[in-house]
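Working notes, beginning with the structure itself.
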Amino acid sequence: IRYTLRAQGKGAGTFNIGPTSGVVKLAKELDYEDLRQPKSYSLIVTATEDSGGFSTSVELTIKVTDVNDNAPRFELPDYQAHNVDEDIAVGTSILQVSATDMDTGRNAELTYSLDKEDFTIDSRGVVYSNRRLDADVNNTYVLTVRATDRGEPPLTGTATIRIYTENKNDEAPKFSQDVYTPNVDENAGPSTLVTTVVASDKDGDNILFGFVNSGTTSGMFQIEERTGVIRLINGPIHLDKDKYELNVTARDDGACCRNGALTPHTSTALVVVFITDVNDNKPVFDECQTYTPKVEEGAQSGTSVIKVKAKDLDKGHNGQVRYSIVQQPNQKGTKFSVDELTGEIRTNKVFDREGDDGRFVSVTVKATDRGSPPLEGVCSFKVEITDINDNPPLFDRQEYRENVKQDTQVGIHILRVSASDEDADNNGAIVYNLTAPYDPDHLAYFSINPDSGWISLQKALDRDQYQLRAIALDKGVPQHQATVEVIIDVVDRANNPPIWDQPVYGPIFIKENLEVGSRVISIKARSGIPENPDVFYTLMKGSTEQTNKKDTFYLNQKVENGHTVAELVVNYPLDYERIQQYNLTVRVENNGIQQLASEATVYIVLEDVNDEIPLFIEREQETVLEGLPAGTKVTTVQAQDKDGTYPTIRFTMI
């Protein structure tokens, strides 16, 4: 059997059939969407015997069905929306896209989708805003829109959407910091830079700075409107607080967009200006001039003397002071110590008022702050060493001896004993008494004035010699005393003692720098014996330096013009700053059978010479801040000069 195929209508040539197999096949490609092609075909299939005999025919109808072979296609490849306000409400429609699918049925049913969540799209292809737009961040949104059919498998077509937003003045300026904390030195001058505040506006507006309710000036501060630079005002500055708080505003000018100036925005920040203390004040002892401390001589080392206090107007470390004692240039060792924190001054030794310490001891205390560099203040005052009765009286001679004629009248002053006491007030006040320890009967012949020390004759003399003892007692507690032997030699009324040219020589004024070996004065006495003019001089050694205890002077005896004289000569260097006067006793004896003697007093007064170098009380170290005007006081230096006659000291810079 052989098969043949015949198409009816437009199907010719579309199908063919196997002549022996009877299999119907497509002869050309079908396209359901091609309107020129029918959707069904009517074919006549004939089967004929090979022998040429019988044949038969049948009608074959072939219907063409759609397959999803076409992807959706958008009307435009690129959709654009211009001048979309960034502040439109969420859900506002922006534009509409449209896509078609040449397939049919479900293969042509489309759904739309977007690749960004900023927008949504409905089944009609209408695009809506899905969140607030921001032209400052993104002034052009580029989206990919998809149209997907419902075929199996589904096919998709895409297009691009460009949405151009228009900026609105909807952003407030934002400061780079909520709080600024600059530091400014307390002594900063006019127009000193404090800080710069920075603000930005996402809209791109220009920003104007100021102070809340104060324009561009607030107290000691001013702000540059366009730069945000804050400075001290260009005028008198007085920063007397620890900190200043400034409320700063940033306002946009709306230049970003149309009508932006109609809706300006403002934000604020806090500027806390901390005033940094500058170490420009040195410690000051406000009460230095009132310090008059006293300490008793003999008080044990470590005795509290006074508590000093220095003030420093600076703050923090700059205002914290530490105390120390300044070594005096003319002192050996430190006589006082001070607690570096409390300022309490204590003794470092046991003082002796009558020794090298004297009645007053100078002390200089220094207060140093902890600034960098540190500043110092000093206070110098004197500590009075109060007296205790620690010194006995001292007679000015080691022995008193006097020649008295046998017929001396009762009541006559014979000689005067003299004692001194280095203590003060009652401790140094002396009363005299007289005893006769070797023969109590001798006391009946003499009396002594308790105040002056004059010994007077109370009874006619009837012996060759009287031995007495004078007592000097002070009025201190406990009471101290000293004794000295007093020998009265009774001479015949016909015998005469040596006679001085003058009983008292002086006062004799000599310079303290008189060289050793120099003559001070020549003194002379006559023997009282015409036939025997020889005399012998003796410089008596007393109990104190003022009475030649240390042989400061000596006598040089020689003959001048037939008379024996004595020259008083300097034996050791003199020092006005130690001893100002000397009271010397010279004894002269004749060469008679009964040697008689008499005494004279030489009163020497030293004159000061400028032999002491002025010494600074302390070594000054001061700090000067840069920028101070000429003529600003830096410090006051002090110096002292031991020369009492030359108290004026002149200072010069070298």
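Placed from the backbone N, Cα and C atoms, the Cβ positions cover glycine too.
As annotated by TrEMBL, domain 'Cadherin' applies to 1-74 (among others).
Summarising the annotation, TrEMBL assigns domain 'Cadherin' to 76-175 (among others).
The feature domain 'Cadherin' is assigned by TrEMBL to 176-285 (among others).
The annotation domain 'Cadherin' is assigned in TrEMBL to 287-395 (among others). For the domain 'Cadherin' (287-395), DSSP puts the residue distribution at 7 helix, 44 strand, 58 coil.
Among the features that TrEMBL reports, domain 'Cadherin' is placed at 396-500 (among others). Counting residue by residue with DSSP, the domain 'Cadherin' (396-500) contains 9 helix, 49 strand, 47 coil.
The domain 'Cadherin' annotation in TrEMBL covers 510-616 (among others).
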Would you mind splitting the domain 'Cadherin' (510-616) into helix, strand and coil residue counts from DSSP? 3 helix, 54 strand, 50 coil
